[in-house]
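The annotation active site, proton donor is assigned in Swiss-Prot to CYS116. Among the features that Swiss-Prot reports, phosphoenolpyruvate binding site is placed at LYS22, ASN23. The annotation UDP-N-acetyl-alpha-D-glucosamine binding site is assigned in Swiss-Prot to ARG92, ARG121, PRO122, ILE123, ASP124, LEU125, ASP306, ILE328 on the grounds of sequence analysis. What Swiss-Prot records for CYS116 is 2-(S-cysteinyl)pyruvic acid O-phosphothioketal, and it gives sequence analysis as the kind of evidence.
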Amino acid sequence: MRKIVINGGKPLKGEVAVSGAKNSVVALIPAIILADDIVTLDGVPAISDVDSLIDIMTLMGASVECDGDSLKIDPRGVKDIPMPYGKINSLRASYYFYSSLLGRFGRAVVGLPGGCDLGPRPIDLHLKAFKAMGATVSYEGEAMRLSTEGKPLKGAHIYMDTVSVGATINTMIAASKAQGRTVIENAAREPEIIDIATLLNNMGAHIRGAGTDMIIIEGVEKLHGTRHQVIPDRIEAGSYIALAAAVGEGIKVTNVLYEHLESFISKLEEMGVRMTIEEDSVFVEKQDKLKAVSIKTSPYPGFATDLQQPITPLLLTAVGRGKIRDTIYEKRVNHVAELARMGAKISVLGGQIIYEGPNELSGAPVKATDLRAGAALVTAGLMAKGQTVITNIEFILRGYSDIIQKLNRLGADIEIVEE
């Protein structure tokens with residue numbers, strides 16, 4: 001078993017670069033299956049989810065070459081083999097293979113999504129869209145079988161009953177090679193959706209409206225190869241900015257797109273965080289007295305649910321009392337008990353998190369229950385006096401590229417220990 005061991009209380013300063021967006025690349029890689037030639041992605045993060053996707057693509061017959069943060073994928077040898085078990089089950093993003101395999105072969109057998117346990121995240125909206133486009137859906141044990149029964153997918157008018165990033169992306173991918181026009185109403189607006197649409201359009205798709213609540217796709221017969229730069233990871237950027245404010249003595253976070261983080265940065269400014277925002281970076285000064293604030297997550301462009309946990313250790317340094325309410329994922333409170341173990345005045349009451357500060361944290365053995373909870377515990381461990389040992393670190397390595405190396409370069413005393 002691997003653990004992260006942190007000896008906290010060290011002054012952190014310097015520069016940290018944000019990697020490519022995890023939530024983009026986990027959809028970009030499956031979407032490449034639709035191309036009839038080589039696609040190269042630049043800015044690919046070094047995370048375990050990408051390693052799993054590479055293994056899956058190779059198993060299916062794709063040729064994959066890695067060169068630094070570039071990934072060259074030739075999908076021409078891909079076969080529609082059933083994938084009910086194996087690494088596919090560890091990925092939440094496994095559902096993006098539904099749309100890409102349907103679009104290329106008209107059929108798919110893929111294991112049900114895995115990933116972090118954050119409460120109900122149903123795939124009903126995905127299946128509703130596929131059915132509207134002419135696919136049949138059935139369950140085979142722990143796998144999903146989809147088929148067009150030998151017919152091409154047909155364009156459809158699809159209204160998303162709730163805003164869903166995954167369902168919006170999946171529908172967009174499937175519709176790219178469907179016959180006719182597909183309209184997605186009440187579409188999610190996240191930057192990652194624009195990123196996937198950009199790749200598909202560069203491959204020859206006709207998609208407009210990505211980033212708005214109505215997306216229109218005119219299906220095409222063929223998609224070709226291209227080269228694509230993955231957008232910076234706004235969640236990683238926010239995590240490092242919050243970390244810098246909590247424990248830094250002058251940290252510059254680079255490869256940041258401010259427009260993707262406006263609601264997050266606005267909340268930091270409300271707290272009194274001093275920072276300098278430049279074209280593609282944020283410099284965070286050493287902080288003095290911060291003010292407690294309340295946070296309510298909402299779909300983009302609101303405060304991102306994925307940043308609710310990473311900002312929590314920073315909130316614990318503030319003076320006063322505040323609340324956090326996550327309206328997206330009801331079970332995103334598992335970090336609270338772990339932070340309380342470190343001495344934080346924080347609890348869950350009536351479906352929301354209540355905290356009071358300022359707090360002085362002490363090192364303790366803690367467990368990462370999901371990806372973003374793990375990020376919160378890393379920051380808390382860096383803030384705390386003494387040693388913090390984090391278990392279940394595979395969650396953290398799923399989404400934060402080279403996190404140990406990046407933090408060590410800032411002056412942290414942090415390492416992965418094998419047992």
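The backbone N, Cα and C atoms fix where each Cβ goes, glycine too.
Mapped onto this structure are the features recorded in Swiss-Prot.
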{"residue": "LYS22", "record": "phosphoenolpyruvate binding site", "Cβ contacts under 8 Å, 6 or more apart": "PRO45, ILE47, ASP49, ASP233, ILE235, GLU236, ARG398, GLY399"}
{"residue": "ASN23", "record": "phosphoenolpyruvate binding site", "Cβ contacts under 8 Å, 6 or more apart": "VAL165, GLU190, GLU192, ASP233, ILE235, ASP306"}
{"residue": "ILE123", "record": "UDP-N-acetyl-alpha-D-glucosamine binding site", "Cβ contacts under 8 Å, 6 or more apart": "TYR95, PRO113, MET144, GLY166, ALA167"}
{"residue": "ASP124", "record": "UDP-N-acetyl-alpha-D-glucosamine binding site", "Cβ contacts under 8 Å, 6 or more apart": "none"}
{"residue": "LEU125", "record": "UDP-N-acetyl-alpha-D-glucosamine binding site", "Cβ contacts under 8 Å, 6 or more apart": "MET160, ASP161, THR162, SER164, ALA167"}
{"residue": "ILE328", "record": "UDP-N-acetyl-alpha-D-glucosamine binding site", "Cβ contacts under 8 Å, 6 or more apart": "THR297, SER298, PRO299, THR305"}
Per DSSP (three-state), ILE123 (UDP-N-acetyl-alpha-D-glucosamine binding site) is coil
Starting from each candidate's C-beta and looking 10 angstroms out, tell me which of the binding-site residues ARG92, ASP306 has the most other C-beta atoms.
-> ASP306
Assigned conformation of ASN23 (phosphoenolpyruvate binding site) - DSSP reduced to three states = helix
